[in-house]
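Annotation source TrEMBL lists domain 'Mur ligase N-terminal catalytic' at 18-89. The domain 'Mur ligase central' feature in TrEMBL is assigned to 103-303. Sequence annotations record features per position, and here TrEMBL assigns ATP binding site to Gly105, Thr106, Asn107, Gly108, Lys109, Thr110, Thr111. Residues annotated as N6-carboxylysine in TrEMBL: Lys214. Residues or ranges marked as domain 'Mur ligase C-terminal' in TrEMBL: 325-451. For Arg374, Asp398, Asn399, Pro400, Arg401, Gly449, Glu453, the entry in TrEMBL reads meso-2,6-diaminopimelate binding site. The feature motif 'Meso-diaminopimelate recognition motif' is assigned by TrEMBL to 398-401.
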Amino acid sequence: MNQMNLQNVLEMLRSGTGLRTHSGAVTPGDVFVALSGTRVDGARFIEDAVARGARVVVHKEGVAVAPAAGVSTLAVPNPAQTLGVLARAACGTESRLPRIVGVTGTNGKTTTAHLIHFLLSANGLMTGLIGTVHCSWPGAKVAATMTTPDCLSLHGIIGRMVRDGVEDLVMEVSSHALDQERTAGLPMAVGVFSNLTQDHLDYHGDMERYFEAKSRLFLDGPARCARGLVNVDDEYGRRLKMMRPDLLGFGLDSEDAELRCRILGAGTEGMTLGISHDGNAWELRTSLVGRHNAYNLLSAVGAGLLLGLTAAQCACLSQALGAPGRLERVPNTRELNIFIDYAHTPDALEKVSVALKSMGFKRLITVFGCGGDRDASKRPLMGAAVARHADVAVVTSDNPRTEDPESILDQIEPGLAGARLVLREVDRRKAIALAVQSMQPGDALLIAGKGHEDYQVIGTEKRHFSDFEVVRECLA
């Protein structure tokens, strides 16, 4: 095979040659990049890509590629990083990219990203959003398939945004994306770290590896952000601040926070926050509730300040509504206090439960479950979080996937020891109906785990299911 240099491959892509990372999608003349995945090595599919007509194969140094007529190769140290460079050529973003804000952390990514997107848009900036709920920019909206798309898809979406005049982009950056280098080729102007609590240990193995993946957005390496802000009330945020002192620390409690916030007042209709930074202090009134949303709003303010906005320009956050399926109230004519939230970690359940309890409702009824084929060690912890705060715990299915749903509930139940009242109903639709029927005047119902999602995965089948729709059916 002929050896090709990077510049020649870039020229091919600029002229319209296709770029692929899945051999099954290769068409004659394409460039194929063999990526090393978590389960499968892309080098195994080089032969298939060549058989389908790949003209150039980009592979990791040291990989042996069988000679084939008319096929050239490019050996590189890191195919994932090279893909980022190639993708910019293929998607037309070599000369121009939006100013990118990357938001990472276990909980709060989606709401924080939506708040920053709102802030920038309200100040007249053409702003795009990529995240768990959807990908959107002025005049367009694309359904999201994962929090952070694969590298090639991500660059393709950003290329469309650039052509439509997008100047700024806010995106959620998952730990999986950082570990797999999906953001390669995308320099981050600002990075935001919300917190780190137990999740995704089925993938990362332990909290240190999880932290290492998240920290890539802030520390030395290709994903490092130019500027950043970190939650110094969080132990992992403090570690990042110690490792990179120029990061802006924010928080509600820490004396070391340069950007601080106090909750001056809170009720069922929202909160008043007192914010201080660099000798200036101001108040922000919001309809959002809960201490966790104070952090989300504060991080949005911090991102705005790092991007050059003034405190006065950040005042528009008082009009922000947050993200779909995040402590979202379900409107109804019966005046029932029903909230749907995406909380699917012990920490998120704790925070949303505390937020609702602080609003003075008579009782808190919580419907929740745990996903199958995911970190099983957090199941009793989630049960314990609910037991600490709920007056009635209704344990049910989330996305059981290929696990036995009843077995998942069995693993949750030890954490529910000491709960005031536990109801078990494996059918999520029936569980929600049971909870709605149990409501009394003044109660609050929290339906946790799925938020904006409109599906449930049972076995390998993805079925339509919306907590919002089920609630409306129950109230009809």
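Heads up, the Cβ atoms here are built off N, Cα and C, so glycines get one too.
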Only counting partners 6 or more residues apart, tell me which same-chain residues put their Cβ under 8 Å from the Cβ of Gly105 (ATP binding site).
Thr112, Val192, Phe193, Ser194, Asn195, Leu196, Lys214, Asn231
Listed in sequence order, residues not in Arg374, Asp398, Asn399, Pro400, Arg401, Gly449, Glu453 with Cβ within 8 Å of the centre of the meso-2,6-diaminopimelate site Cβ atoms:
His344, Gly369, Cys370, Gly371, Gly372, Ser397, Lys450, Gln456, Val457
Densest Cβ neighbourhood among Asn107, Thr111 (binding-site residues), 10 Å radius:
Thr111
Between Thr111 (ATP binding site) and Glu453 (meso-2,6-diaminopimelate binding site): CA-CA distance (Å):
15
For Gly108 (ATP binding site), which residues in the same chain are close in space, meaning a Cβ under 8 Å from its Cβ, but six or more apart along the sequence?
Ser194, Asn195, His292, Tyr295, Asn296, Ser299
Tell me the Cα distance separating Gly449 (meso-2,6-diaminopimelate binding site) from Asn107 (ATP binding site), rounded to the nearest angstrom.
12
Ten-angstrom check, please: count other Cβ atoms within 10 Å of the Cβ of Gly449 (meso-2,6-diaminopimelate binding site), all chains counted.
26
Around the ATP site (Gly105, Thr106, Asn107, Gly108, Lys109, Thr110, Thr111), what further same-chain residues have their C-beta within 8 angstroms of the site's C-beta centre?
Val103, Thr112, Glu172, Ser194, Asn195, Asn296, Ala348
Tell me, how many other CB atoms lie within 10 A of the CB of Thr106 (ATP binding site), whichever protein chain they belong to?
22
Taking DSSP three-state, what's Arg401 (meso-2,6-diaminopimelate binding site) in: helix, strand or coil?
strand
Between Arg401 (meso-2,6-diaminopimelate binding site) and Thr110 (ATP binding site), what C-alpha distance do you get in Å?
24
